[in-house]
Each structure stands twice: as structure tokens, then as C-alpha cells.
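*Asks:* Got a structure here, written out as C-alpha cells. Questions coming.
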């Protein structure tokens with residue numbers, strides 16, 4: 001009998017690897033269009049369930065279960081796969097979606113070339129959609145799928161794995177505004193463009209649309225197809241240009257060289273980022289004290305040497321715990337009173353995982369200062385910490401006591417004291433010298 | 001389940017038949033014209049060989065003409081997509097410019113740097129790789145690398161106001177007030193010693209005078225001198241270490257003692273003075 005242990009251990013490992021939890025909760029509401037079937041997206045949804053999420057399905061027009069009730073989000077994450085619905089029930093409006101984001105609920109939203117209330121919401125996220133009815137079209141590479149079904153190379157970035165095979169995509173592109181909160185995941189191929197024609201004689205229309213001014217032509221690799229948005233409150237929203245990228249059909253359609261496409265892994269990683277599993281950081285502890293002390297000072301004096309230390313953890317979705325994280329190389333600390341007086345790098349401490357500390361000298365201005373840590377990088381959650389601390393000028397007895405230029409004065413004062421005692425001694429103890437004859441008269 | 005497969009197969013077959021013919025370029029020509037030069041010559045653009053490097057000044061004009069044909073029959077066609085792609089490989093900036101093609105496949109593109117099109121990407125000193133993209137629903141697509149183009153530098157694209165905070169910001173170091181300058185300790189030591197010069201005069205004069213202090217250790221006088229000395233010691237101790245409360249305490253005690261001793265001493269000296277008289 002062959003040993004079963006390798007098989008068992010590999011199964012356990014597989015289960016451990018596939019079980020990944022979000023740092024904000026497991027309940028997911030999937031708003032699925034009436035015309036879409038859950039089975040067409042079984043690979044994606046089953047993948048989510050295997051990772052430990054609870055999926056609840058409803059159509060856009062259903063009133064129950066509500067996405068938000070009494071200003072409280074009912075689910076930790078919301079997937080909006082309703083790209084062609086023109087109307088939703090009253091709990092899904094652009095305003096309610098923004099409220100959800102501000103209450104730390106993550107969103108995954110799919111668009112299509114039809115105009116819906118969500119297309120106007122996309123512009124709030126600094127995404128500029130093409131005119132309605134113009135899906136992404138690419139004649140390159142030569143292939144046997146329609147021009148709207150496009151294999152797209154996944155460029156290496158900081159969030160997704162670096163060796164993903166090309167993914168099949170069908171939908172609309174969007175142009176990026178300048179907001180730094182956007183995290184592009186998938187950019188359009190350079191030869192692609194948005195067009196509403198399906199015959200060669202549509203070429204004139206394309207040229208005229210480009211000449212018309214305004215945004216011109218949606219074309220090239222500066223367009224995005226899948227983009228994430230990290231809000232300042234910590235929640236994440238991902239916009240996907242088409243829903244077919246999640247479908248089973250695209251996940252199993254072979255690429256030109258017979259290779260399996262990266263759709264399944266790509267959408268799983270995008271969902272992991274969106275649901276705050278990956279690249280999530282938090283600050284555990286902030287301390288500050290004078291260099292040779294351990295207690296936090298209530299106030300500091302100017303020119304004091306202080307140590308500022310911070311503990312940072314990263315969420316590990318596989319074990320669902322927060323683990324100390326020391327790999328941030330460029331975190332900065334600002335010591336601010338209205339403007340930063342000092343900005344220095346917060347270095348990770350060797351031998352103490354998760355701890356970052358820096359030692360510096362407090363400026364020689366007194367006032368109310370703040371230790372400010374504001375760490376924002378694309379693709380990562382934001383770290384923000386502000387600690388207010390008063391800085392006072394030295395007390396009257398904190399100045400140097402004895403100064404070398406004062407030695408003459410010390411000498412003078414001591415000299416006077418000695419002189420006084422000597423004089424008193426001399427006067428009291430002394431005898432006035434009489435002339436010889438009176439002395440001799442005295443000696444009688 | 002069968003129907004989608006069937007329609008997909010038919011589509012594949014149809015596509016396979018039609019994708020036989022490729023698009024090609026016939027007589028691609030370009031010409032560079034500066035405002036001060038005479039009539040420019042139109043040169044043939046050789047494709048497939050070493051890429052040409054062209055440089056445009058701020059008021060130069062680049063004219064590009066070609067004809068798109070079907071490779072097999074040589075007939076002119078109008079493809080769906082005729083785009084010029086300007087790509088800066090180093091910075092990643094890209095611009096796509098569609099080119100108008102007539103029904104017979106003839107295309108003309110003019111780039112006048114005095115009035116640049118909005119589709120040009122922001123340029124720096126890096127060259128732009130110019131590629132011609134031809135795409136069609138009925139023919140195989142084709143991509144031609146035309147030339148490397150150097151354009152005058154443009155303004156960099158406007159950045160969001162918060163973009164800088166997403167990268168490390170420049171370090172700020174506080175400039176402290178310089179330490180107070182004090183004169184050299186040697187000079188202070190010299191002047192401290194100098195302060196004692198009257199003592200030499202005094203001691204000199206005393207040695208000349210030879211004063212006598214016969215009553216120094218008398219039990220009436222010595223306590224008072226001692227308490228005076230103790231007061232000086234207390235003052236020195238206060239200067240070095242003690243706090244006001246303590247010094248007042250010790251001083252009041254010592255003061256009482258001094259007053260008594262002093263009264264005694266003065267009475268004694270009065271007695272001696274009167275007695276001598």
C-alpha cells in the first residue's frame with residue numbers, strides 16, 4: 001500500500017492555500033443581472049466560496065436583501081454584476097454605494113457598453129468611459145474570435161503575481177484621470193480602441209470621432225480595463241470594463257498557443273485585493289519617548305533627543321492573522337507644527353519584526369508639534385497616524401549652570417566672602433597698635 | 001448547448017477563409033519640411049531595414065503618404081483601423097492618431113509642429129517610436145514600424161495635487177541655532193586669576209605692617225568668627241546645590257546662633273576698648 005501521507009499532506013496544503021479570508025469580513029452580496037446565470041460564472045463564485053466567503057445572490061430589482069439599511073452596511077463586500085440594468089431597487093444608488101465605501105465595505109463593479117446609473121458613478125472615481133455603445137475592439141493579434149474578444153497581456157505590477165498568462169477580455173475600456181488613488185490592474189493592448197462599427201467602412205466614423213475634440217479617440221495602452229480604487233477610509237472599489245472576464249467560457253477558452261488563459265487566477269487575485277485580503281497594512285502601536293527613558297513623555301523640551309517607534313502589521317489571508325511586517329523601505333515621519341519641521345525616514349529595526357523607529361533631535365522652536373506618519377503607496381492600504389505632543393522651552397533651571405566665562409565673577413564673589421571673614425576676624429581679634437610708651441604704660 | 005458550438009464553428013470557418021489576405025503598404029513616402037527650406041523632397045520610406053531617425057523642429061512639418069493594398073491582388077482597400085502609434089519606450093507615454101484613408105486605400109498624414117495634434121503624447125528628449133497599425137475585419141492585421149521621431153520637448157502632463165504624497169518626499173533637516181559662542185576657557189582662567197591681584201597688595205602691606213591678632217582664639221571671639229565662616233559656607237553650598245527652602249531653614253538657625261555669638265563678641269570688644277581707655 002502506497003503511503004497516503006504525501007497525498008494527505010498535499011490535500012491539507014491545498015486546502016490551506018485555497019482558504020484565504022478577508023480582513024474585513026466574509027459576507028458578500030452578489031447583485032447579478034436577471035439575464036445572467038450564476039452557472040456561467042461558477043468558476044469565479046465557487047472559487048470565492050472555497051476561500052471562505054458567504055455569497056448571497058439577488059437581482060438588481062430585488063428589495064431584499066438590502067445592501068444598506070438604516071445607514072448600516074449589511075454585507076462586508078458587494079459584487080455588482082449588473083452591467084446592463086437600467087434601474088435598480090432603491091437601496092442601490094450612486095450615493096448609497098459611496099456611503100458603503102465610506103463605511104469600509106468593498107465593491108467590485110462590472111461595466112458594459114450600455115449606459116447605466118453606474119457609468120456616471122465611474123467618473124467620480126476618476127475613470128472616463130467612452131461614449132455608450134463603443135466596446136473595445138482589437139484586430140491584433142490575428143485570431144478566430146470576434147474583434148471584441150481580446151487576449152490581453154497582464155503587465156507586471158505591484159499587486160498581482162508577475163507571471164500571469166494573458167487574459168481574455170470583452171467590454172469597454174476607460175481612460176484614467178489623474179487621481180493617485182487609482183491602481184491599474186489591466187491596461188488595454190496598444191493596438192486596441194473603442195469603436196461601435198463592425199465593418200471596415202466604419203473607418204471614417206472613427207476618424208471623425210477622433211477629430212471632434214473633447215476626449216477624442218479611446219485607444220492605446222493608456223486605457224485601463226480593470227482598475228482598483230483605494231479610498232482614504234480603507235475600503236476598495238474595483239471597476240471592470242466587462243463582465244465576461246469572470247465567465248467560465250473565458251476562463252476555459254484556450255489562447256493561441258494552446259495555453260490556458262490567466263482569467264481564473266487573475267479574477268481571483270483582483271477579488272482578493274478588492275476584498276482587502278492582500279496588501280492590507282495597519283498600525284499596531286505608536287510610541288515616543290526620550291532617548292534614555294522608556295515612558296512616553298507628556299511634553300518634551302526643545303533640543304531633546306527623542307525616539308519615535310511604530311509597529312506595522314500586514315494581514316495574512318492564509319492564516320487570517322495580522323503578522324508584523326518589516327518590508328516597508330520608504331516610510332517617513334514628519335514632525336510638524338503647521339509645516340513639517342523635520343521629515344526623516346522611519347527605518348525598520350533589525351531583529352524586531354514589524355518595528356520601525358527613528359531617533360532625532362527636537363527643533364529649537366517650542367510649540368505644539370505632531371508626529372505625523374502618512375504612508376500612501378499605490379496598491380497598498382494607507383497608514384495614517386498623528387500624535388500631538390507639546391514642546392516647551394527649557395525651565396529656568398535647565399540651562400547650563402556653570403559657565404566658563406563666569407569664572408572671573410565666581411572668583412570675585414568668593415574673594416569678597418573671604419575678604420569679609422578675614423576683615424571681621426582681624427577687627428574683632430586684633431589689637432590696635434599703641435605707641436611704644438602707652439604700651440609700656442599698659443604693661444604695668 | 002449545440003447551437004453556440006455550431007455558430008462558433010461556422011464563424012471560425014468563415015473567419016479562416018477570409019483571413020487569407022494580408023494588408024500591405026505600397027509606396028510609403030515621407031517628407032520633412034522646415035519653414036526656411038525650399039520645396040522638400042519626398043523620400044521613400046524603406047520598411048523592414050534599419051529604423052530611420054527623424055528629428056522635427058518646433059515649426060517643421062512631416063508629411064507621410066502611403067497606400068494600403070491587399071497583398072495578394074494589389075488592390076487598394078480601406079481598412080477599419082489605420083492608426084499611427086507614437087510611443088516613448090522610456091517613459092511609457094503613448095499617443096494614437098487615426099489616419100484618414102480613402103476608399104481606394106490612399107492615405108495622407110501631416111504633422112505640423114506649429115499646430116501639433118492633441119493626440120501627441122508629452123515628449124521629452126527621448127525618441128518616439130512611430131508604428132503604423134492596420135486592422136480590418138476582413139483582412140489579416142499588419143503592423144509596420146516606420147521610424148523613430150524626435151520632437152521638441154513639451155510640457156510634462158499635469159499631475160494631481162496629491163501625487164507627490166504617494167512617493168517619498170524630500171527629507172527636511174532642521175537648522176538649529178548655532179551654539180552660543182563663549183570665549184576660550186584659557187582667557188576666563190586668566191581673568192579669574194587676575195581678580196585676585198588686590199590680595200597680593202593686601203598681603204604685601206600686611207607683611208609690612210605685621211598686624212597682631214592676639215584675641216583670635218579667645219572663647220568670646222572665635223565662635224562669632226566661626227559662625228561668620230559657617231554663613232559663607234552656607235552661601236557657597238546654596239550656590240552649588242541647595243534649594244531656597246533649605247537654605248532659609250539652615251540660615252535662620254545659623255542666624256540665631258550668629259546673633260548670640262556676635263552679641264557676646266561685641267560686648268567683649270567693647271569691654272576691652274573701655275578697659276583700655
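Just so it is clear, glycine is given a Cβ too, placed from its N, Cα and C backbone atoms.
Remember, TrEMBL labels are computer predictions, not curated facts.
Since this is a predicted model, take the numbers as computed values, not measurements.
Here's the feature list from TrEMBL:
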DOMAIN    B:53-124  domain 'Ribophorin II third'
DOMAIN    B:176-273  domain 'Ribophorin II C-terminal'
SIGNAL    B:1-20  signal peptide
TRANSMEM  B:186-208  transmembrane segment
TRANSMEM  B:220-240  transmembrane segment
TRANSMEM  B:247-267  transmembrane segment
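Looking at the shown structure, what environment does each listed feature sit in?
*Replies:* Secondary structure of the domain 'Ribophorin II third' (B:53-124) per DSSP, as helix, strand and coil residue counts: 0 helix, 34 strand, 38 coil.
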*Asks:* For the domain 'Ribophorin II C-terminal' (B:176-273), what is the mean per-residue pLDDT, to the nearest integer?
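*Replies:* Residues in the domain 'Ribophorin II C-terminal' (B:176-273) carry a mean pLDDT of 89 in this prediction.
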*Asks:* Based on DSSP, tally up the residues of the domain 'Ribophorin II C-terminal' (B:176-273) by helix, strand and coil.
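*Replies:* Counts, helix then strand then coil: 72 helix, 0 strand, 26 coil.
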